[in-house]
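Asks: The structure is given below, and queries will be raised subsequently.
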Amino acid sequence: MSKSNSSSLTPTFFILNGVPGLEGSHIWISFPFCSMYLIAVLGNSGLLYLIHHEESLHRPMYYFLALLSFTDVALCTTIVPNMLCIFWFNLKEITFNACLFQMFFVHMLTGMESGVLMLMALDRYVAICYPLRYTTILTNSVIAKAGFITFLRGVMLIIPFTFLSKRLPYCQGNIIPHTYCDHMSVAKVSCGNVKVNAIYGLMVALLIGMFDICCISVSYTMILRAVVSLSSADAQHKAFSTCTSHICAIVITYVPAFFTFFTHRFGGHTIPHHIHIIVANLYLLLPPTMNPIVYGVKTKQIREGVIKLLFGEKGFLA
């Protein structure tokens, strides 16, 4: 009997309402999001192709950048096509299982992105503090294992989200005031006790986010100590300039993440709900859009690789 009641309280589909309060402006909102998606896909796909094609970029730093680009493309593609269907064609329905799948991939890929940024910080630490042992420490095998462990961490920590959401009874309707299936947005539709969901969500945020930030902070503390100890100002500038792109990527990723995290918990009654939704989308779209631009502008080897690819060896040397 309980099984029957439980299954009757599981909706066959949810309705993603887009940006609540701004339904009349969905078409206008869609244009910047669509533009960001196109820039993200083209930019990151271009980086992947360049790193694969250009032998001078077959180094640990660029392998991690390729992993970041792949993660960014997958993350954008998980949410934007469905979002544009809501904005352009008013196709708001998403099946229950598809919603759980989207929820899993959104959270797993954001965790993966954070993990890759942490690995890139460790890469810069090894490159600056142990330059003569850089290639012997960060071998292809070590890079592959580090990427796989980061992926496995995300999968193992995020899988419970789907089970915790699936067990809940949904008797308050099936309308989710969001553009994609987020863990707590889905849980809030339930009429059951979501305390476990909230606590586990906070634990995952601490286990992934805080751990990665601590590793990044420790890495850059050691990098600063190593750079300051260099005798030449030119050597200091050259050593630290290799980190500028990564620092920009960290700021672009974590600032919107912290804003989203704290406003959801402490600014829920003072900040309009549509601002929460727009910022939540920017949190997922801004890093994939900006990362290829930042690395293209700040990294000399990538700029040279693009010129070489576009104009050939002769144009590059000229």
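Heads up, the Cβ atoms here are built off N, Cα and C, so glycines get one too.
Here TrEMBL flags 43-295 as domain 'G-protein coupled receptors family 1 profile'. Marked as transmembrane segment by TrEMBL: 27-50, 62-89, 101-122, 142-164, 198-227, 239-262, 274-294.
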Asks: Examine the transmembrane segment (274-294) against the transmembrane segment (198-227) and state whether at least 3 Cβ pairs sit under 8 A, considering only residue pairs 6 or more apart.
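Replies: With fewer than 3 qualifying Cβ pairs, these stretches do not touch.
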Asks: Taking 27-50, 62-89, 101-122, 142-164 as candidates, which has the most Cβ pairs under 8 Å with the transmembrane segment (239-262)?
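Replies: If we count Cβ pairs closer than 8 Å to the transmembrane segment (239-262), 101-122 scores highest.
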